[in-house]
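Comments concern the structure below.
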């Protein structure tokens, strides 16, 4: 293995030794970062009697740490120490399940101590393991504590040793490809997502579970409610019939109460008439008696003769049976009831047939209407989409209204100095145009991207600055040569972004879509624009320095912050000819890395192999792009003052946008109304059809056999008639016997009596009051008997009506709760899904770029079969290693072991720049890769893990290819083992390097 030509630091881990020499770990600083370490980075690992180590200390670097050593030397022991020292489970390592097994053989106890960087003060975690009872004691900053307290402290630093996306030991490399899409998503959320992303996901899964429960409850209650309604619908006719009969009974009772008064009034009127008639008859009788006195005497004579005859007739009749008038009346009433029952059945059957026909027609019409609607898909997603767009439109309208209000205020404050301001702005625009012409001439793609940016600036959330050569304003054109010499041309034509997502959006458009070659940079999160120089300028003036580079030009905040961070313009002094004349003294005494004299640039370096100082100088070339001075502040003030000129146009544009939004709003609301009606109408039609079909089946089952009822009625009538005939025949027979008796010879006398009595008022046959009362009681009792079953049906009907009302209220409450849950889900989904999609898109972009650089293809996407099943969401990795194949999902079986290792490594590297975790560990993942892929993966690892915004990375490997490319930010940790190892105090890095150099000399 060739030694790397450039290394920032080299450290050696010694086995079977007391300690190892190493520079001291950095202490905490107030800005949350010291020496490149981020919050939670590992500063030191100390192991005593742990696995293969007696006593060893590891001092990792802040970026890529490559732990190299032969198999069995103890590389993975460092991984185990990290895991167990940070309260990880033994199951994570895939080795022994008892923590005592990690103590060096022959020792009763061992310990691991890890120091983590923390801005408020470094955190030291100590774990001492006892073999005898397999227990551990814990300390935080040398104070005894519990394991739970350690876990909480580790969690606060976003360390997750149980997450394969952060901590991938050697025994678990194969398990990464075995992770399901769901497990991979959760691991990714925990590893690189915002802290609340995984909480939102869990919250959504809980909401969805409760939503399903509520949906089931609502469905069950709706079904039960519908069945109850159907049962009541079937009994509705019986209930109506019951109430009709009840009204009849009430009327009968009322008539019973009124009957005595009616009888009294009738009798009184008859009495009055009889009295009047009696007076008249008395008068008439008196005159007749006077005229018929002779006849009366004869009548009295005849009557005296008839008395014995009448007595004989009464005796004769009394000895024979008289027909029972009460029995005849009952038979008559029974006959009437038979006829009424038959009529009722006939009416009921006719009504049933009519209702059957009507119901069949209704079902046919409803089915036809349902068929015309066709097979409709569920419109709920469309309604939700419409609601989301409506909310977005409302937000846009509110934003436009606010902007319109601001424009109205600005228009009212229009300045009277318009003309002078316009002239000055034109002058400045002309100077800016000259600079833009130079940009267009030299960098056509950058100019094209600039025009696109100006047309689409509203698509970005943060500040986006045009190429630096346009926004940098040199205060004195004579100093432009220093700025152009110091800032590379690639950065002078680069766009500067405040936010990472804005930069990615911009590059996706101009680089991937428009295929333009442009440069972009991102400003540091913490502003460096006002960072002070390493020494005051007053101390440099004796050497001829008059300014630092930063004070020679103006630039926007983020642009200046980037230049201070990247090129230290705040710490590079600019001198004069005096500085040139005493340059050797300047270099020797000031020991500054870079300085400028009047016409030259000096770069000073200290040799890596000796203490000698080497300097180089180059002549400054004339400025090409920054000589044209445009006062940015003045131009910005002019634009603000003249902005009123474009107010009318902007207001007109806003009105047009508002009109478009209003039209779209109306269209969406109409569409929503239509979708809602379709959704409700189809369900209502299906429910109506089902209800009508149930009602039809019930009516068809309740068929009345009129033929049998008529035959039964005729039989009853015949029986009644036969009985009445028998009664009359019996009575007539008795009368005939009486009249034909030889004892009664009174025909002449009887005729005379009847003729005489016929001249008086005829007598009328009347039913007695008791007979009428009995007759009414019979009718009432008959009705009561007939209504007995109906009363029970009505009670059941009313009870079910109350249940229906209660169920409707419960269903409304549950439906409202379901609606609230769905609103909560929609809000939580928006908070979770949108950032998640952006995160997956960022991962996919990096993953695809990595695979593309290897002449392969890879893709990462968010996969879900059902968008509403939040526990089924997952991350799907698809890869293609040969051009003749298609993209296939990463599985434990489809790809080879080397391909799985490449895919796993590149996915982890895709997370590196997005990381929320302070470090990552990958153990021997390059095993099984072919040399070509291993070299490509190594280049990607070095390039990514040594970037500006990346965290600590541990890459463990037993071997490396030759002639690999290394970076300054790497830390190489060489692990040696064997009985002849030198003790730490005898080890010399410089001697080792000298010997290596001598071996390379031919």
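Cβ atoms are placed via backbone N, Cα and C, with glycine included.
What you are looking at is a predicted structure, and each value in this text was computed from that prediction instead of being measured.
Between the listed ranges 756-793, 794-831, 832-869, TrEMBL ties the annotation coiled coil to 794-831. It is 383-417, from the ranges 383-417, 418-452, 453-487, that TrEMBL records as coiled coil. Within the listed segments 180-207, 208-235, 236-263, 264-291, TrEMBL records coiled coil for the stretch 264-291. Counting Cβ pairs under 8 Å to the coiled coil (383-417), the top-ranked stretch among 264-291, 654-712, 794-831 is 654-712.
Using a Cβ-Cβ cut-off under 8 Å and counting only residues 6 or more beyond its ends in the same chain, the coiled coil (794-831) has close neighbours at 196, 200, 203-204, 207-208, 210-211, 214-215, 217-218, 221-222, 224-225, 228-229, 231-232, 235-236, 238-239, 242-243, 384, 870.
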